[in-house]
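Going by TrEMBL, these are the annotated features:
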type	residues	note
DOMAIN	40-301	domain 'G-protein coupled receptors family 1 profile'
REGION	372-392	region 'Disordered'
TRANSMEM	28-49	transmembrane segment
TRANSMEM	69-89	transmembrane segment
TRANSMEM	109-133	transmembrane segment
TRANSMEM	153-178	transmembrane segment
TRANSMEM	190-211	transmembrane segment
TRANSMEM	244-267	transmembrane segment
TRANSMEM	287-311	transmembrane segment
Amino acid sequence: MASPRLETYCCPNRDAATQLVMNFQPEVFCGVCIGSASISLLLTILQLLPKKGQSPRKMPKASSSSTILLLISICDILGGLGMIFRSSVWLGFPGFIANISVSNGTDVWPSAFCVGSAMWIQLLYSAGFWWLFCYAVDSYLVVRRSAGLSTIVLYHMMTWGLAVMLCVEGIALLYYPSLSSCENGLEHAIPHYITTYAPLLLVLVANPILFRRTVSAVASLLKGRQGIYTENERRLGTEIQMRFFKIMLVFVICWSPNVINETLLFYLEMQPDINEMPLKNLRSAALITWIIMGVLNPMQGFLFTLAFYGWTGWRVDLKWRKREIPWESMSSSTVGENAYPSPVNYQSNIHDSKKISTTDSQQTDEAISMLSEANTSSDERLTRSSPIYQGW
């Protein structure tokens with residue numbers, strides 16, 4: 001799981017709240033992390049692999065939104081691998097990890113492993129948070145026709161730059177002036193926790209606002225096509241809204257335990273003695289949410305693929321040939337009977353019906369196609385019946 005407590009545990013003189021959760025059934029906790037991360041990793045890769053029965057197609061040019069979805073999945077996969085590696089070492093070499101508690105120990109490798117593995121996990125999931133924020137921004141800009149593949153360079157600079165800067169800054173402040181003397185007070189820990197949770201809280205606050213504005217902009221685009229808002233247009237707007245809702249639902253489910261757990265642990269840190277009987281229920285709640293974090297944090301990768309693409313099935317096609325990958329936008333291909341469940345391609349159906357009369361209409365369809373959710377049956381119904389895609 002991803003928590004700033006992983007870095008504070010690397011301090012030999014760690015605080016009592018961190019000691020409480022990290023020493024609570026460590027074998028069980030590491031086993032839970034390995035199991036959850038392994039299942040999520042396998043299912044995420046299964047979701048992204050091409051499936052049998054999918055008609056071979058030429059690979060279209062990716063949109064910025066589809067590229068961002070791919071990068072979010074990559075961050076989740078790499079973060080999950082970090083969890084598996086870290087927890088496996090903790091289970092397989094308990095004596096190696098025990099040396100972290102020795103402040104005057106001459107062996108620096110346990111502390112180096114502790115810091116390095118914790119930073120890897122934190123950096124990848126922090127980058128995933130920034131990419132998710134960029135996805136919300138890009139969705140809004142796409143509808144406003146102010147985004148494209150050229151903006152992906154700016155997203156890369158912002159995401160990786162901010163993720164690395166905040167991670168390094170938080171670690172530097174936590175371990176100042178040295179690893180052996182860190183965590184002597186909250187003045188070391190608070191900046192580290194702020195830099196860790198800032199992107200998470202940004203997604204929780206800003207993404208719903210951006211998604212709501214994007215849905216409103218899509219509704220305006222659909223109404224502007226013919227001056228009316230039919231049932232088909234309403235259904236399409238609802239599908240886009242549901243896609244955004246599922247993305248935020250997954251994010252809240254996977255990361256709200258972290259916010260609750262950190263709030264409880266900070267309250268316990270402020271107490272003179274966290275082992276007092278009146279604090280028993282708070283200690284129990286902190287330990288329960290700690291285990292829940294170990295289950296839900298790694299599962300984000302798989303749950304996000306369900307929100308992005310829906311369930312893509314079990315029948316994997318491992319034959320090597322040039323095929324469209326599931327995260328690519330389908331804005332220039334044809335939605336066939338066996339189309340891969342990825343963001344819906346309504347643009348291709350324009351060529352099967354009457355030709356759109358204006359460039360503005362084509363841009364509108366391209367923008368909507370990048371945001372629409374994959375649902376083959378509903379896609380076919382919409383493209384056959386909607387006046388938006390049948391011409392004026």
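Glycine residues also receive a Cβ, built from the backbone N, Cα and C atoms like all the rest.
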Recorded stretches the transmembrane segment (109-133) and the transmembrane segment (28-49) touching, at least 3 CB pairs under 8 Å: no
Cβ-Cβ under 8 Å with the transmembrane segment (69-89): same-chain residues at least 6 beyond its ends: 1-2, 6, 30-31, 33-34, 37-38, 40-41, 44-45, 48, 96-97, 113, 117-118, 120-121, 124-125, 127-128, 131-132, 135, 159, 297-298, 300-301, 304-305, 308, 327, 343
The domain 'G-protein coupled receptors family 1 profile' (40-301) [mean pLDDT, rounded to integer]: 85
